[in-house]
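Residues or ranges marked as active site in Swiss-Prot: Ser946, Lys989. The annotation ATP binding site is assigned in Swiss-Prot to Gly578, Pro579, Pro580, Gly581, Val582, Gly583, Lys584, Thr585. Among the features that Swiss-Prot reports, compositional bias 'Basic and acidic residues' is placed at 55-82, 293-311. For 128-139, the entry in Swiss-Prot reads compositional bias 'Acidic residues'. Taken from Swiss-Prot, the feature domain 'Lon N-terminal' applies to 162-425. Look at Swiss-Prot and you will find 55-142, 262-314, 791-820 tagged as region 'Disordered'. Per Swiss-Prot, transit peptide is recorded for 1-36, and the stated evidence type is sequence analysis.
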Amino acid sequence: MITRLSGACLRRSGAKRNWPREHLVHRSLLASFSTTQRVLKCSVGPFRTSNVVFKSKEPKDNKPLDNKNDPKKTHNEDESHTNESLPSTDKKKKKDNDDFKQNLKSSSNKTEEKYSATQASKSKNDEFELGGEENEDEMPLNGEFNKNVPAKYSVPDVYPQLLALPIARRPLFPGFYKAIVTKNPSVSEAIKELIKKRQPYIGAFLLKDENTDTDVITNIDQVYPVGVFAQITSIFPAKSGSEPALTAVLYPHRRIRITELIPPKEDADSAASSDAAELETDKSSNLSSNGEVKSDLKQDNGKEEPEKEVESTPSILQNFKVSLVNVENVPNEPFKRQDPVIKAVTSEIMNVFKDIANVSPLFREQIANFSISQTSGNVFDEPAKLADFAAAVSAADHRELQEVLEATNIGDRLQKALYVLKKELLNAQLQHKINKEIEQKITQRHKEYLLTEQLKQIKRELGQELDSKEALVTEFKKRTESLSMPDHVKKVFNDELSKFQHLEPMAAEFNITRNYLDWITQLPWGKRSVENFDLDHAKEVLDRDHYGLKDVKDRVLELVAVGKLRGTMQGKIMCLVGPPGVGKTSVGKSIASALNREFFRFSVGGLTDVAEIKGHRRTYIGAMPGKIVQALKKVQTENPLILIDEIDKVGKSHQGDPASALLELLDSEQNSAFLDYYMDIPLDVSSVLFVCTANTIDTIPPPLLDRMEVIELSGYVSAEKVNIAKGYLIPQAKAACGLKDANVNISDDAIKGLISYYAHESGVRNLKKSIEKIFRKTSFSIVKEIDDELNSKEKSTGKSGKKTSPQSSEDAANKEASSVPLKVPDKVNIEIEEKDLTKYLGPPIYTSQRLYDTTPPGVVMGLGWTPMGGVSMYVETIVKNILSSNSTPSLERTGQLGDVMKESSEISYSFSKSFLSKHFPNNKFFEHARLHMHCPEGSISKDGPSAGITMATSLLSLALDTPVPATTAMTGELTLTGKILRIGGLREKTVAAKLSGMKEILFPKSNLADWEQLPDYVKEGLTGVPVAWYDDVFKRVFSNIDAEKCNNLWPNLIKSSSKQHQISPSH
């Protein structure tokens, strides 16, 4: 920074200075200049070998307009006062010295004498001295390049040709030091040579591309045209990476502009190497030539020697591969000090400096040094320097700073400097705000930490509370006393507990280890519930909760019997498959109750993350074990019953395949060492009884299905639904609606009507909803009737209701909520009949059990299976056009049929042609008929291998113009040879046929064993007809057919066009 105390450096000594307390301010002021004076002293220390003093020739063309005739103010208002410049007159110097002495007079006599001696040694007017006496503890910074450099220079006013040095990122401003690093060997040698030849001046110009790193200008467009005329004050050997480099400290004096670029010579390197030896021998010689710079040698006796011309820059640098430029000075435009715009902008800059100084200590020191360095006491006298200082301390964009440098109009320069300074203020304020917030947070946390530790210590001293970590360790150890941990688990627990004891509560791993120890000590190691092997008790519980379900109940009783013989019950994996609403989930609870096991249920429907089954790694934030470990923690036994619901709806995503994770869990050979990712220790879940539920087994992966024992639960027939409604659903619904002891009942006919017209599905879920709706409406009517009676009595007695305040109403409501339930009067007797269902439930949902009471030719009822249960499905076939001898045969299929059913229709069509030509050779129906086959309810997709005989019968019925009995249904797949294949879901299809009012059902003979296993109440009212070939089907459904008539049915119609016959469903 610029300083007025450049006449003598502040010396350092080993002696301790005892400054008076009241003069600490002066000591701080002196210390603030120590760094600047050290740079000056070190940079000019090597110049002490010579007493050469150069006359200072200050530019005369930059004077303010109002100072034109003032002989005392001949210096440039912008760049004439450098860091080393002294006051211009002895009178001013003396006044400054006296003032400064007066300020330091009270500190100590010794300091005052030393300062006076230093001031007395200053040189006379227009001379400036770079540094004072040598100090032993201050080493020169420029090493070996300091022996023959002149100590004092007179800065030349005109220096037309210079070494051009490109500067990156930000420009230099007159009056402010800047250290640069040169990596180019030629440039480094040229700088050294300039110092040796006592011409340490260069031109510094800003590169336009801030990412460019070069020391030589090859094109004038690389740099901005306006730069600074700078003096090399000192040089240092440096190292940039693996290459040697040179650091040079520059002091800019004034602005210059490039007029011409002289690019480096290609053959300069060889010439430079040839002159290296010569330059070494002339280190102490004073070369002279007809150069632009002249110097006066000043001997120790004070006599001046004649000026000697110094070698010109081109001749010095002609052997170096460097860039030279011809330049011209860029003077400031004349300005008026009293210009209101300049004064206003200067004042605003000072205000901004004050604001920055309030938030940035670094800026505060720089501003203080700058204010002291001013030659005039008033900053308004030097606005140009103020603008340069504002730009020099701002971290603005290089283009904005270059604009400040190029501005010659002082007002314009001040405004541009104010702009970049305002940006610096915003940056400083933001940084100050961030630092303040961070300090507040750190202070608050530190305060909380100290208070917390003090509170812990106080409580520990009072014996009121143990340390939280010690309390946790004690709790963990206490839990393990009642557990029978396996050896490998005990080892893991001890290791984790030991690590936990050495962790600090503020450590990141503290909570992770604590949670892990909490989980490992809350698992039921060695705890088992006592199982009940009483068959009668198990049968009683199962019958109490569910009607029917003989297969499930028999399997549970078998499990109890085996457990009783062995003395223990091993875990099993069962899968209950059936349509919704048949009681799969509720039967799992009954099994747990019958076996005296704890029950836990979780659903895997739509599950896509394998971590839900096997847990997360402990390295994740918020990690936790999987569902199995959570179940064991909740039930606190090793042998619960875990129900895995909706196992057929497991999803799959990029997070893994949960179905594959279940393979290890649901395998009795592997689940004795089930590994949860969070626990990371083998868990024995072989004693767990796993019960899975599904609507279909088609979507269960085969490897998973193979590990489970599948038990099918078919839909309920009407008789079963009636018993379930009377024994289970109605009592539950009455209790839920407050009618448990009321005389409100639903007749058997109403229940049957409810099943037939409102709850036609395979399960009983809709039946339960309908019954609950009936009792809710009944409860409403009873309560309303009671309230109406009470109101009528009050009116008859003349008692009117009292008005109550909101508070009393609220109290009454609370009292009513906590009062005893309302008892239904004994006189209430409601019997709900079938005719009342419309009143409670609205119009019937299912108006008819089947579409056709009398089926026309071509219409046959088939039976299908869905995950929702069995369904009845009609197959309709008609002739599209009038049958004629010119017709082309075809078959069109509709009804959203799947690929399997489309193939079945093709097989049936081909088989029907073959069968008709074999048994009725004169019937040419299929040779001329354009047919359309349809399965009603086209919005529902249909597929499956069991509609072959139904489609073939529909085609033959149309070809023979003979209807099939309306009460006959059939199911079975057909081959081209007429063989009928085995089908699945016979129970569900039988239930669907019975619900549709069928009397006869045809099924494959290979399913005869399935038919015989059906309960009698399912087969009641149905005649089962097993068939092995289609001939058996044809004989059964067309038993009364006239073969001769059917054989000759169509030829007469085809020959006679006047008697064309059109087939229609009403025929």
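Each Cβ is built from the backbone N, Cα and C atoms, and glycine gets one as well.
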Lowest local Cβ density among Gly578, Pro580, Gly583, which the record lists as binding-site residues, within 10 Å
Pro580
Taking the Cβ of Pro579 (ATP binding site) as the centre, how many other Cβ atoms fall within a 10 Å radius?
24
For ATP, residues beyond Gly578, Pro579, Pro580, Gly581, Val582, Gly583, Lys584, Thr585 with C-beta within 8 angstroms of the site's Cβ centre include exactly Thr693, Asn695, Leu713, Gly763, Arg765
Densest Cβ neighbourhood among Gly581, Ser946 (recorded positions), 10 Å radius
Ser946
Can you tell me the CA-to-CA distance separating Gly578 (ATP binding site) and Lys989 (active site), as a whole number of Å?
13
Are there residues of the same chain, six or more positions away from Val582 (ATP binding site), whose CB falls under 8 angstroms from its CB, and which are they?
Leu713, Ser714, Gly715, Tyr716, Ser762, Gly763, Val764
Rounded Cα-Cα span from Ser946 (active site) to Gly581 (ATP binding site), Å
25
Students should find that the Cα atoms of Ser946 (active site) and Lys989 (active site) sit apart, in Å rounded to an integer, by 11
Using Cβ atoms only, which residues of the same chain lie under 8 Å from Lys989 (active site) while being at least 6 residues apart in sequence?
Leu863, Gly864, Trp865, Gly870, Thr971, Ile983, Ile1001, Phe1003
Say we define neighbours as other CB atoms within 10 Å of the CB. Which of the binding-site residues Lys584, Thr585 has the fewest?
Thr585
In three-state DSSP terms, the structure that Ser946 (active site) belongs to
coil
